[in-house]
Each structure stands twice: as C-alpha cells, then as structure tokens.
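First the structure, in the form of structure tokens, and then the observations on it.
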Amino acid sequence: MRLFYRLLKQPVPKQIERYSRFSPSPLSIKQFLDFGRDNACEKTSYMFLRKELPVRLANTMREVNLLPDNLLNRPSVGLVQSWYMQSFLELLEYENKSPEDPRVLDNFLNVLINIRNRHNDVVPTMAQGVIEYKEKFGFDPFISSNIQYFLDRFYTNRISFRMLINQHTLLFGGDTNPAHPKHIGSIDPTCNVADVVKDAYETAKMLCEQYYLVAPELEVEEFNAKAPNKPIQVVYVPSHLFHMLFELFKNSMRATVELHEDKKEGYPAVKTLVTLGKEDLSIKISDLGGGVPLRKIDRLFNYMYSTAPRPSLEPTRAAPLAGFGYGLPISRLYARYFQGDLKLYSMEGVGTDAVIYLKALSSESFERLPVFNKSAWRHYKTTPEADDWSNPSSEPRDASKYKAKQDKIKSNRTF
C-alpha cells in the first residue's frame with residue numbers, strides 16, 4: 001500500500017508514461033467472435049490482456065491529469081483516480097509472469113473480476129465529481145468543452161475495458177449464462193433485434209407504470225432489405241443494445257405520459273422501426289411526446305448541461321426515471337463504440353425520433369478507442385479563439401440612436 005500511495009502522489013509514474021506511449025489495439029466484433037468460437041485459448045487471451053489492459057488504462061490516466069486542477073481536487077475524482085491506479089498496479093504484477101503456470105492464469109482471472117467490480121461505480125462517482133465542481137465554480141464554456149471531450153473519451157475507454165474483461169471472464173471463468181448457451185462471451189452471433197427491443201420496452205414500461213401508473217403501448221415494425229420477410233439478426237452485444245434502447249424508451253415514455261396525461265383519448269403508442277441494409281442496421285424510436293427545441297438538442301448530450309437533480313443517496317427515495325442526466329450521452333458512446341451512432345431528430349410541439357445506427361457487418365464493427373497523443377494534449381491546452389460567425393446580441397441595436405450618434409460626431413468635426 002505504501003508503494004501505491006507513493007505512486008499516486010507522483011505527477012506521472014514512469015510505468016504509466018511508458019504504457020501510454022503505446023496506442024490501444026482496436027478489435028472488431030468478428031475478431032472477438034472468431035477467437036471465442038474457434039480457438040479460444042486462455043494463454044493467448046492472457047498474453048494479450050496483460051499488455052492491452054495496462055495500455056488502455058495508461059492512456060486514459062495520462063489524460064485525466066490534463067483536467068482543471070479544481071476538478072481534479074474533487075474527492076470523487078480523486079477516488080476514481082485511486083481505483084485506476086490500483087487496477088493498473090495489479091495488472092503490472094503479471095507483466096512477466098509465464099502463462100504456462102495454471103496458478104498464474106487462475107489468479108489473473110480473479111484479478112480481472114476484482115478490477116471489474118472495483119470499477120462498477122466509475123460513471124456515477126465521476127459524475128458526482130463534475131456536479132461538485134459545477135456547484136462550486138459555475139459554468140465556463142471553455143472548461144465545459146474540455147470536460148465534455150474528456151468524459152466522452154474516458155467513458156468510451158471504460159466501455160472497451162469492460163468489454164475485454166467480460167470476454168475473458170465469460171470464456172474462461174466458467175460463469176457462462178445457461179439462458180444464452182450460444183453466446184460467445186457477451187456477444188450473440190444471432191442477436192434478434194426485435195426481441196431486444198421488446199425486452200428493453202418491457203423494462204422501461206415497468207418503471208414508467210411504477211412511477212406514473214400508466215405507460216404507452218409499443219408498436220414494432222421490421223424491414224429487412226437483405227432478406228425480406230425474415231427476422232432481423234445481427235452479431236452484437238445484446239447488453240449494449242439493451243442499454244441504448246432502454247434509455248430511449250424511458251425518455252419517450254416520460255415525455256408522452258407527461259404531455260398527454262390530461263387528455264381523454266389516452267396515450268399515443270411509441271413506434272419502433274427496425275431496418276437492415278447492406279451497411280447499416282437502423283432502429284428508429286418515434287414518440288409524440290412534444291419534442292425538444294432545436295437549440296436544446298446538443299445539450300441533451302452534454303454532461304455539464306444536465307438539468308437532472310442530484311440523485312438521492314437513498315435508493316428508496318430516488319425517482320425511477322431520474323438520474324445524473326448521463327443516459328443519452330452514455331448511450332451514444334455505446335452506439336459509437338463499434339462504429340455506429342445515435343442521433344435525435346425532434347419537432348417541437350409534436351415529438352422526437354431517436355435513431356440508433358449499427359454496422360450490419362461484424363467485420364466492420366471495430367472498436368472506436370481514444371488515444372492519448374499530441375492531438376489530444378493540444379485539445380486541452382489550446383485557448384479558445386474568437387468566434388468567426390456573427391452572434392446575435394441580447395438586445396437589438398436601435399438604429400435611430402446609432403444614426404443620431406454618428407450625426408453628432410460629424411457635426412463636432414465640422415467645428
């Protein structure tokens with residue numbers, strides 16, 4: 001423990017600096033699948049992870065130190081840093097240990113499980129730090145931009161880190177889910193999209209009914225351009241897709257119920273369209289919940305703009321549909337992680353269409369990973385420049401006063 005605290009106090013421990021010089025190695029869903037299905041070898045996985053996991057940790061740990069000091073000094077942020085440092089040091093112990101020793105493989109597996117459990121609360125803990133910072137120091141556009149940039153990369157790194165750990169522990173830990181025997185780790189080779197849609201809807205519906213006592217119905221339509229009249233399937237991580245869909249259904253239900261609660265005709269259904277083309281698998285969720293003004297769309301994905309109240313520390317007092325306001329930005333990161341995206345199209349006064357885009361081919365679904373390099377460093381160090389587009393002032397200029405002022409200047413020059 002003395003070594004741990006000594007390293008934590010150093011500006012940049014040498015091992016972190018060394019590993020951060022390497023770029024992460026992005027894998028495709030097909031590579032995950034092929035390894036787990038055809039030639040799953042625990043020794044090979046161990047040899048890869050004992051290098052790759054420290055590289056991914058080191059890249060994000062170097063970037064953390066570029067955040068404003070006032071944010072780094074928040075207790076919650078310090079706690080997250082300590083978790084990352086501890087996990088990094090535990091992984092370093094296996095840097096040179098031979099995979100031929102079965103005890104090494106068993107111990108490494110247990111270390112990965114402990115690390116995963118330790119990092120379970122990284123998102124809410126870091127969110128707490130951002131809230132503490134915002135409450136004490138207010139909102140600054142430049143710092144907010146840097147925090148947005150960092151958190152997108154930080155949380156993406158966390159998604160990828162857990163993906164690697166989950167694949168190893170599920171393949172070699174003997175904790176395969178009997179309900180999904182065909183899964184390769186956390187990947188479903190034949191993920192039925194409509195089934196995940198319905199599961200996410202039912203979970204969101206349960207919460208909506210628990211809080212509002214009612215919930216809109218669901219209408220699902222499929223259009224398979226590759227194989228007409230057949231169910232749409234994709235090689236994907238069902239838990240990732242569920243996370244995105246649940247968040248979107250939750251938002252649609254809340255908006256729909258609150259807008260139509262006093263209307264006699266009831267609640268309009270939430271409609272879902274699933275389509276599969278040559279390149280993209282798209283899922284559109286449409287509601288009639290009143291929509292959002294265009295100027296607010298970007299704010300829905302901004303960590304610093306969240307209008308959600310600070311969540312209660314007592315679970316019994318927390319509203320089921322409340323949180324840190326991170327649901328949409330994190331969901332978009334899940335979509336982008338394997339080269340997809342999540343977009344919102346809203347018509348104020350009517351409703352919102354939320355579209356999830358995924359790659360149709362697993363060979364094109366490569367991890368999208370943040371890399372710590374000079375470009376990333378410059379993003380934090382570059383000072384904001386003047387806007388090169390006009391900005392409307394808060395009050396329109398009175399042309400008559402301006403003209404009178406110019407006439408007075410001219411008359412003074414005459415004398």
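Placed from the backbone N, Cα and C atoms, the Cβ positions cover glycine too.
Annotation note: Glu247 (ATP binding site) sits in a helical segment as assigned by DSSP. Taken from Swiss-Prot, the feature ATP binding site covers 247-254, Asp287, 306-307, 323-328.
Swiss-Prot lists 395-415 with the feature compositional bias 'Basic and acidic residues'.
Sequence annotations record features per position, and here Swiss-Prot assigns domain 'Histidine kinase' to 131-362.
What Swiss-Prot lists as N6-succinyllysine is Lys278, and the listing cites a large-scale study or a structure entry. A sphere of 10 angstroms centred on the C-beta of Lys278 (N6-succinyllysine) encloses 8 other C-beta atoms. A coil conformation is recorded for Lys278 (N6-succinyllysine) in the three-state DSSP classification, outside any helix or strand.
The region 'Disordered' feature in Swiss-Prot is assigned to 383-415.
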### Task
Across the whole of the domain 'Histidine kinase' (131-362), what does the mean pLDDT come to? Round it, please.
91
### Query
Whole-number Å distance between the CA of Gly327 (ATP binding site) and the CA of Lys278 (N6-succinyllysine)?
29
#### Entry: Three-state secondary structure, Gly327 (ATP binding site) (per DSSP)
helix
### Query
For Glu247 (ATP binding site), what is the tally of other C-beta atoms lying within 10 angstroms of its C-beta?
23
### Task
Provide, as an integer number of angstrom, the distance between the C-alpha atoms of Lys278 (N6-succinyllysine) and Lys250 (ATP binding site).
30
